[in-house]
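Engineer: My questions will all concern the structure given below.
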Protein chains: 4
Amino acid sequence: MQNAKPLPSYLVQRYQGWKATSYKENESWYRRLAEEGQHPRAMVISCCDSRVHVTSIFGADQGEFFIHRNIANLVPPYEPDGDRHGTSATVEYAVTALKVAHIVVMGHSSCGGVQGCHDMCSGKAPELEEKSSFVGRWMDILRPGYEKVKHIEDESERKRALEKEAVLTSLANLMTFPFVQQAVEGGQLSLHGVWHNIGEGSLEHYLPEEGVFKAV
Amino acid sequence: MQNAKPLPSYLVQRYQGWKATSYKENESWYRRLAEEGQHPRAMVISCCDSRVHVTSIFGADQGEFFIHRNIANLVPPYEPDGDRHGTSATVEYAVTALKVAHIVVMGHSSCGGVQGCHDMCSGKAPELEEKSSFVGRWMDILRPGYEKVKHIEDESERKRALEKEAVLTSLANLMTFPFVQQAVEGGQLSLHGVWHNIGEGSLEHYLPEEGVFKAV
Amino acid sequence: MQNAKPLPSYLVQRYQGWKATSYKENESWYRRLAEEGQHPRAMVISCCDSRVHVTSIFGADQGEFFIHRNIANLVPPYEPDGDRHGTSATVEYAVTALKVAHIVVMGHSSCGGVQGCHDMCSGKAPELEEKSSFVGRWMDILRPGYEKVKHIEDESERKRALEKEAVLTSLANLMTFPFVQQAVEGGQLSLHGVWHNIGEGSLEHYLPEEGVFKAV
Amino acid sequence: MQNAKPLPSYLVQRYQGWKATSYKENESWYRRLAEEGQHPRAMVISCCDSRVHVTSIFGADQGEFFIHRNIANLVPPYEPDGDRHGTSATVEYAVTALKVAHIVVMGHSSCGGVQGCHDMCSGKAPELEEKSSFVGRWMDILRPGYEKVKHIEDESERKRALEKEAVLTSLANLMTFPFVQQAVEGGQLSLHGVWHNIGEGSLEHYLPEEGVFKAV
């Protein structure tokens, strides 16, 4: 790989600060984690967005959360067709190898991926319809969700509803994985849907009995 | 989604602690991030492993890093075939929409995904060869890497070498994306490969001129 | 300007070292900063003192902090009289154009400007009382602060208290600017006062509820 | 000051990283700097812009540079009228108290303050003409500089020329201070003008004999 460069010094400096403080004071724990392997209690599926700071929001420490982050926190349906399915691989590993007790799907406000899906489905982003658009093809997962919210008149309300549909779509798709369904029904695993408002710092979770997201 | 459950109280409690402290003291910044959108300087591609704590190691704060986490920090090659490619979507969004200046691929010690690839390629994990194994099909990306390290006699050295091959494979695959190549050659983007030893807390970066990973 | 001279070679050498290392490894980021403009998260107002190394203490990198440095980190009160007010211009630009989320006023130990104010107010530095003394007229901003600490018997304690009064005076004066007050009250901006002990490397921040500076 | 808040945790974390690394390894030097006072070799007058990273460009360490940063690196002319002149106070302190050997005025590309002056003088920013505009009144210092470059047809060339005029104006104004003139003529002080291109990482210094800025 001739095109790689050394790590920029600002990251080296950040790392060295961590090494001298956090690492040093937790050295014995980190050594033990390395020797014994990870036993995370929960898997979190969230967006790559730099403003969605899962580890901060849940006060995560080394070893606590198995975290998958992709565009718009989406899980595709179960498709064991022999092709590559990166997200499905993370779910499989978390549930069958690590046996996490919880999977939390976290959506968020001002989601660029959801915005793209909204624009694509409403005809405003033809470039996302192209075969070569990776973001477009990925956001296809949320097309059925758009159908459910397109009647909402106010645009910002419609996008927010679509952000929450992204969470519900992922939860529903998770249940199409036989090993997920089995673990949920056997009581070894529970699924949770949350939506985070970046600016307000608020967090809502999905309450299935009421069929709505409510502030925790 | 009738199977979802409310957020477990231990996570609610963690969230409330964050809201009362970190959120409260950074409220003005979070509001601005929500209004103006994100301008992350770097994208980090790392493993989902709960012990790989990117935000801690780099002292990351809200808005700083666009983070994609998958099994074994792998990037597949460019394949604009109209299928879903979640990881490719994250790279496309980071480079073309956010215009990040750096992509850092971070591998790590004791990587379960790399271990699986090692076992699969050496005939010790036939279940991963099955069409229905998402982890197996995902780790196929690293098969060529296994060919490069299989001559190493010592098993733990061989696995460590394979962990580093995962980083190099991702860096090489990144360059197959036309928009990545163009940004790298135009000086708008630089790629970096690092490998993190969880127990030792050490960090090595790949130096292309020497062709090796060295401690930062 | 016939009196200017070429840059001294020791600075040329320093610059060339930076160009070949830091610049080279961050080139893509610097180009992006040049094209897209700055989005600093915070403004820091600190002293010109060569020992107060804001960028080092906060691990600052290009693009992170909008930094104003003057004698004794003072902000004068709001005076829109049509005269030149260099410090007021920096605050106006940071708050109304850049919309920074934080303003941090940083005082420090062994501050020469504060020492001058102390000597002037206690009658030991008549030359600073002269109309032509720029340092004296600038330090007039801190005269009310001297009144609050002059009862302290121990001289070194008195000076330290005055250094902290310089921070509090600036914070209070900042609030006299209508655009600062509005941004603070609207939750877009927060103000912070810190005092840095150069020799000890310690840092104290002002806690308004307790009315004191305490180690962070 | 009831409106102040504790230091945000991201800055506390940065500080703690510095304390555990840079401070720790330089503790004896920092203690000595605190005891013996500063003896900086040079004063640097630069812009507050977050992208102008003086300490990085000149590899500055604690104790080396007395740094004044304001909007557009401007020095007003000598006016001992008994009013507050914050920038003049920094020059007075640097030259008469610290006896620095060099004053370096550093301008830079994409300067927002210079842009404002350009727009104001060309009639495109009437709001900056208002008495209450601190930025406008501060940029009045550069009005004569605008007169010298307004004939340049290409707008981006004209702005760049004005950025360099800001440096020359400051150098010329510095010489109106009797103590600066005396130190320069006595050979105790030399003045230097440089202009920094943020994106290119280049540095030009003013060569009085040729009357131009040239790459160092």
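Each residue, glycine too, has its Cβ placed from N, Cα and C.
What TrEMBL shows for this protein is this:
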{"type": "BINDING", "residues": "D:Cys47, D:Asp49, D:His108, D:Cys111", "note": "Zn(2+) binding site"}
Engineer: With a CB cutoff of 8 A to chain C, go through the binding-site residues D:Cys47, D:Asp49, D:Cys111 and name the hits, or write none.
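Structural biologist: Checking chain C against the binding-site residues, the residues within range (Cβ-Cβ under 8 Å) are D:Asp49.
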Engineer: Using Cβ-Cβ distances, find the residues under 8 Å from D:Cys47 (Zn(2+) binding site) that belong to the same chain and are at least 6 apart in sequence, listing them in sequence order.
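Structural biologist: Listed in sequence order: D:Arg69, D:Asn70, D:Ile71, D:Ala72, D:Asn73, D:Met106, D:Gly107, D:His108, D:Cys111, D:Gly113.
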Engineer: Within 10 Å of the Cβ of D:Cys111 (Zn(2+) binding site), how many other Cβ atoms are there?
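Structural biologist: A count of 26.
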Engineer: On the three-state reduction of DSSP, what should I expect for D:Asp49 (Zn(2+) binding site)?
Structural biologist: coil
Engineer: Return the residues near D:Asp49 (Zn(2+) binding site), defined as same-chain residues 6+ apart in sequence whose C-beta is under 8 angstroms from its C-beta, sorted by sequence, else 'none'.
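Structural biologist: In sequence order, D:His108, D:Cys111, D:Gly112 meet the Cβ cut-off.
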Engineer: I want the residues beyond D:Cys47, D:Asp49, D:His108, D:Cys111 whose C-beta is within 8 angstroms of the mean position of the Zn(2+) site's C-beta atoms, in chain order.
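Structural biologist: Surrounding the site, in chain order, are D:Ser46, D:Cys48, D:Arg51, D:Val52, D:Ala72, D:Asn73, D:Gly107, D:Ser109, D:Ser110, D:Gly112, D:Gly113, D:Val114, D:Glu163, D:His196, D:Ile198.
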Engineer: For D:Cys111 (Zn(2+) binding site), what is the secondary structure state per DSSP, taken as helix, strand or coil?
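Structural biologist: DSSP assigns D:Cys111 (Zn(2+) binding site) to coil.
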